[in-house]
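Everything on this sheet refers to the single structure shown next.
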Amino acid sequence: MFPRETKWNISFAGCGFLGVYHIGVASCLREHAPFLVANATHIYGASAGALTATALVTGACLGEAGANIIEVSKEARKRFLGPLHPSFNLVKTIRGCLLKTLPADCHERANGRLGISLTRVSDGENVIISHFSSKDELIQANVCSTFIPVYCGLIPPTLQGVRYVDGGISDNLPLYELKNTITVSPFSGESDICPQDSSTNIHELRVTNTSIQFNLRNLYRLSKALFPPEPMVLREMCKQGYRDGLRFLRRNGLLNQPNPLLALPPVVPQEEDAEEAAVVEERAGEEDQLQPYRKDRILEHLPARLNEALLEACVEPKDLMTTLSNMLPVRLATAMMVPYTLPLESAVSFTIRLLEWLPDVPEDIRWMKEQTGSICQYLVMRAKRKLGDHLPSRLSEQVELRRAQSLPSVPLSCATYSEALPNWVRNNLSLGDALAKWEECQRQLLLGLFCTNVAFPPDALRMRAPASPTAADPATPQDPPGLPPC
């Protein structure tokens with residue numbers, strides 16, 4: 001049982017085009033547990049979850065919000081590159097949908113209750129905005145929270161003079177760590193309201209506070225978050241969100257609203273015989289047995305307005321141009337002409353965006369100069385720090401290497417040079433003088449090595465006279481000419 005006497009929050013995770021799942025959950029909470037929405041202290045959201053949280057807090061039509069998501073996905077699927085096509089402007093589309101859907105006093109209803117997760121560009125920290133001075137500021141906060149770098153553009157939008165990007169980058173599920181926060185996510189995992197996949201894999205991945213279980217269904221959902229699936233698939237996701245919200249309410253004992261259509265007693269005519277009365281009683285007993293099952297089946301259906309809006313969004317218009325464009329020869333010709341039409345469409349869309357960007361050019365150019373300067377300064381400081389750390393060590397290594405390469409093995413007769421070497425090294429003040437002294441000592445050591453006393457045997461250099469029987473006295477030994485004494 002969910003404790004009604006305590007305070008609680010609701011948090012919607014960012015999920016791209018899968019935000020239609022949040023529409024189903026929000027519709028279920030608003031229909032079957034309105035006190036859960038009305039008495040919530042805060043309702044948070046990041047990226048696409050911020051759009052649903054805004055619609056839920058401000059009282060906007062959820063059916064229209066769900067239809068807008070499907071319309072945007074259909075618009076993205078029309079193009080060759082999908083949402084990456086140059087002519088598809090997601091930021092402009094989101095802004096137009098919010099202007100059309102939100103009421104005029106939406107900022108007054110959202111003040112203090114709605115929390116939108118943003119990522120500050122300057123330091124990458126997460127910021128939650130809860131106060132808005134106008135409807136335009138509330139819409140701009142949603143635009144900042146849904147702005148994915150490179151996917152939506154290169155220059156991030158501004159809110160109150162600060163640049164922000166997608167809130168899911170820093171915190172995709174705000175306040176998930178609190179026990180009194182009801183977390184909603186379209187990925188199966190440990191969120192309170194999420195799909196229940198029949199997978200035995202216990203491993204999970206946490207992406208900026210969002211629990212995602214490792215299974216094939218979640219891989220499919222991740223692939224469709226930024227590249228939308230077909231409209232009927234999105235409608236089924238909305239229905240799944242509605243059923244998952246209903247299961248959460250049942251599990252926590254919050255589904256207390258009876259269905260008035262099922263509570264009405266059967267109408268029995270006043271004039272009937274006993275047999276007809278018995279048949280009616282028997283049918284009433286069967287209805288009582290089937291009532292819980294029918295009640296569950298009725299509750300699992302989407303609300304009429306939401307279902308109608310989703311169906312209208314999924315239906316393709318039956319005009320002549322649509323029929324012709326769906327024909328196979330036309331589609332083949334369109335695909336073959338893409339290399340020629342894509343540059344032209346890119347040039348046209350680039351020109352339109354440039355004209356729309358003109359009012360913001362001075363501010364954006366100033367920001368780009370500041371960012372470029374800060375990046376260059378950071379790179380220079382980092383290079384200086386690395387040079388300061390490695391240069392002394394490299395110099396000391398080179399000096400040690402020179403000593404190891406220059407110092408030969410000293411014989412015992414030249415030990416005096418090795419004993420005298422540290423004295424003049426310590427007494428020298430200049431590195432150049434020390435190196436010069438070291439070269440001089442090296443030359444002396446080499447001369448000492450090559451100047452070796454050669455001891456010849458006495459009989460090797462003796463001048464022998466021709467052998468005669470009378471001359472037997474040996475000659476006195478003399479030093480051979482040409483050899484200096486050592």
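Note that Cβ sites are derived from N, Cα and C of the backbone, with glycine treated the same way.
Topological domains recorded in Swiss-Prot put Ile128 on the other membrane side from Gly168. Looking up Ser87, Ser130, Ser134, Ser406 in Swiss-Prot for phosphoserine, the annotated residue turns out to be Ser406. Range annotated as region 'Disordered' by Swiss-Prot, chosen from 267-288, 465-486: 465-486. Residue annotated by Swiss-Prot as N-linked glycosylation site (from the set Asn9, Asn39): Asn39. Per-stretch counts of Cβ pairs under 8 Å to the transmembrane segment (138-158) identify 43-63 as the leading one among 9-29, 43-63, 332-352.
DSSP gives Lys92 (ubiquitin cross-link) a helix state. The local packing around Lys92 (ubiquitin cross-link), expressed as other Cβ atoms within 10 Å of its Cβ over all shown chains, amounts to 14.
Its Cβ placed at the centre, Ser374 (phosphoserine) has 11 other Cβ atoms within 10 Å.
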